[in-house]
Amino acid sequence: MAETVELPSRLAILPFRNKVLLPGAIIRIRCTSHSSVTLVEQELWQKEEKGLIGILPVRDDAEGSSIGTMINPGAGSDSGERSLKFLVGTTDAQKSDAKDQQDLQWHTRGVAARALHLSRGVEKPSGRVTYVVVLEGLSRFNVQELGKRGPYSVARITSLEMTKAELEQVKQDPDFVALSRQFKTTAMELVSVLEQKQKTGGRTKVLLETVPIHKLADIFVASFEMSFEEQLSMLDSVDLKVRLSKATELVDRHLQSIRVAEKITQKVEGQLSKSQKEYLLRQQMRAIKEELGDNDDDEDDVAALERKMQAAGMPSNIWKHAQRELRRLKKMQPQQPGYNSSRVYLELLADLPWDKASEEHELDLKAAKERLDSDHYGLAKVKQRIIEYLAVRKLKPDARGPVLCFVGPPGVGKTSLASSIAAALGRKFVRLSLGGVKDEADIRGHRRTYIGSMPGRLIDGLKRVGVCNPVMLLDEIDKTGSDVRGDPASALLEVLDPEQNKSFNDHYLNVPYDLSKVVFVATANRVQPIPPPLLDRMELIELPGYTQEEKLKIAMRHLIPRVLDQHGLSSEFLKIPEAMVKNIIQRYTREAGVRSLERNLAALARAAAVMVAEHEQSLPLSKDVQKLTSPLLNGRMAEGGEVEMEVIPMGVNDHEIGGTFQSPSALVVDETMLEKILGPPRFDDSEAADRVASAGVSVGLVWTTFGGEVQFVEATSMVGKGEMHLTGQLGDVIKESAQLALTWVRARASDFKLALAGDMNVLDGRDIHIHFPAGAVPKDGPSAGVTLVTALVSLFSQKRVRADTAMTGEMTLRGLVLPVGGIKDKILAAHRYGIKRVILPQRNSKDLVEVPAAVLSSLEVILAKRMEDVLENAFEGGCPWRNNYSKL
């Protein structure tokens, strides 16, 4: 509760825009502007004895006030302060001149306030200082002159509070006694209503009985929501009788609004029966309309829907269909079962972009190249194909370009490339995720006869994006499936065929829609699951995995700034040196893309965020104060500041004044911090050497949906009956490759000195077990043929394979090495694992041009035409055999 205080002759002024602080009210404000922060620092924060500041209402426009007096700043000087030349009695000419200098309209009366709670903070990453201040209004004052002290305003004031003698004299006035009694009666009635409705009000009753009446009016009215004009009116009510009269009027108005709301609720509930419970909200709306004399809501909504349909630009045949549906809707009652479904259908027709298209700007290929280079590092071949696509669109805008399908492992930038195409074309972008879609209705929509029917994802995407010519991304197109509900991939055949998508028919829409203006782009991890007819409608662009050098550049240019921004940090708080990023790439991640790398960087950022947050400190400024709790009330400050305002429950307000500040320190990541946060390294360069430490193990290269990988093959023998066992979750093709490899080795056993005589069986009395580690991962394909032969020769000869050598290739029964796919990804995988030598089929030499030069320069690539060439290079010192090919 506000107490009587003696005001100084000058007060620092904190302006409130369109908001008034009354005596006895408590607010919480957040100061962010330069002027308000400086005022709080100099007048409140830096002073041991917290003084008073003035709260002055300010209008946000240049119009004069109809209540009270508003002032305009001017120019002048007074005792070292830059005066704003305000005098209460200024002439109209002076006001007009001041208005030209500044539009702000300052009220002539304000309220002196004291700080109950004060805290300081630092915004990250900008470093801007902010203050949160809890203020209590004390007493009214009148502004005599308004000036400047640095960036904030100061005013020469006079108090408007009555002396004790004047107050005692007023209390003897019969009119004042009558007004006091009327105010208390009305206020008590309001408190009783609130107590019945909300089970609250006991504390407020105590205030009505204990707080002096001249202070109670301000405190009571401050808790109501009222207009700025009404707030100014209360502030200007210096005379106690006028103040009580206006307060009584406001309290009575609030009481009447509560009673009207109760009347409407009672009227609605009285009309409800058990079968009408579901229409409660609709009945309440009708009752409100009846009170206002307006009961044609449904008719207005239908009319608005009709106007919206007329403005949608539908083709003539579709407009006729829509009119029939609209006439049917007008004949129905809102309670009928089909009313809502018909209305939703018509709203879809009105919302679809039939003729609304993105305004395409003239294609600038140079700008498109710069955009692609800034958003994506590397991928030169892919970028060149996109530029070619854009060049054709520039020369022939209406050309039906191919449907581009980006194929590659996760995390290499397929989706972001599609977004870059949309930006280069100047079109809106919409993404449809097809992963796991097994229902044809997801593409074509559900028929309207079903409950819960809805349009397909294509039509829904066009409705969301709002234009008929967006760039539409069909994401994860290889992840669609099929079951008894249909095949979504087959439904996409019509969508991606330029001859058919002119009149795409969605089952829910039930009218043809032109998709020919849409630019379709697709993404996939693998080509094999895509049906051949659908694959034939798209142009495949392969995105291989990134090299370590490319990952390093991507991390430094894109990932680290993005991760720091997502965690509220900057380079001033966390620094990740290039050497540490390279360490993460080599020892903590082995992937084709960069998602795992980004997750590791995010882990470092989270750890840094914890360390920075722990630097916060608290400084107590005063004692014997209770904790502040109050409901939130919106408010704003003038001069660009931000205010969060709260009205504290009425009563005695003693609060602790505390301050907080943050002092972050920069963190530099080193190897110790890496191991502490990310744990011990997951990979090391000695893995291949450890795995190939014994005979019977070889290193192969395979291709997966996640890019190239290194695959170890282990073989061992035991006493048995000459049988072969295969483990590692293998497919039929790789099992046949293992059988073929064993047959070839048995046939050449004497040539490789694995048997003393040509007719000796190397499997005599023993079994062979071949295992592919990582047994939880399915494996298949013919490219492990040379790896299997090498492992078997190593087993039988007891000669270890070189640990720095990996290989890939299919072999025939006659020992020829056939070409395989995924050469670039496989070489990149070998580079990631620290492999120094790679054996490839000779006919794959043409694929080496796609491998980055930096990777090729760090590897020794050996081309093999026959299996003998592979074995010669797989073992240290070569693999001796007889120079006899008579069995070939």
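Every residue, even glycine, has its Cβ placed from backbone N, Cα and C.
Under the heading active site, Swiss-Prot lists SER783, LYS826, citing sequence analysis as support. Per Swiss-Prot, the feature ATP binding site maps to GLY408, PRO409, PRO410, GLY411, VAL412, GLY413, LYS414, THR415; the stated evidence is sequence analysis. The feature domain 'Lon N-terminal' is assigned by Swiss-Prot to 11-255. The annotation domain 'Lon proteolytic' is assigned in Swiss-Prot to 692-877 on the grounds of sequence analysis.
Everything Swiss-Prot records as a feature, shown here on the structure.
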residue : record           : Cβ contacts under 8 Å, 6 or more apart
GLY408  : ATP binding site : LYS414, ASN525, GLU542, LEU543, PRO544, GLY545, ALA592, GLY707
PRO409  : ATP binding site : ASN525, LEU543, GLY545, GLU591, ALA592, GLY593, THR704, THR705, PHE706, GLY707, ASP825
PRO410  : ATP binding site : ASN525, ALA592, GLY593, ARG595, THR705, PHE706
GLY411  : ATP binding site : GLU591, ALA592, GLY593, VAL594, ARG595, SER596
VAL412  : ATP binding site : LEU379, LEU543, PRO544, GLY545, TYR546, ALA592, GLY593, VAL594
GLY413  : ATP binding site : HIS376, LEU379, LEU543, GLY593
THR415  : ATP binding site : ARG431, LEU473, ASP475, THR523
SER783  : active site      : GLY700, LEU701, VAL702, TRP703, THR808, GLY809, GLU810, VAL820, GLY821, GLY822
LYS826  : active site      : LEU701, VAL702, TRP703, GLY708, THR808, VAL838
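Those same-chain residues not listed among GLY408, PRO409, PRO410, GLY411, VAL412, GLY413, LYS414, THR415 yet with C-beta within 8 angstroms of the centroid of the ATP site C-beta atoms are PHE406, THR523, ASN525, LEU543, ALA592, GLY593. Over the domain 'Lon proteolytic' (692-877), the average per-residue pLDDT in this prediction is 87. Around LYS414 (ATP binding site), a 10 Å sphere centred on its CB holds 25 further CB atoms from the protein chains shown. The secondary structure of THR415 (ATP binding site), as reduced to three states from DSSP, is helical.
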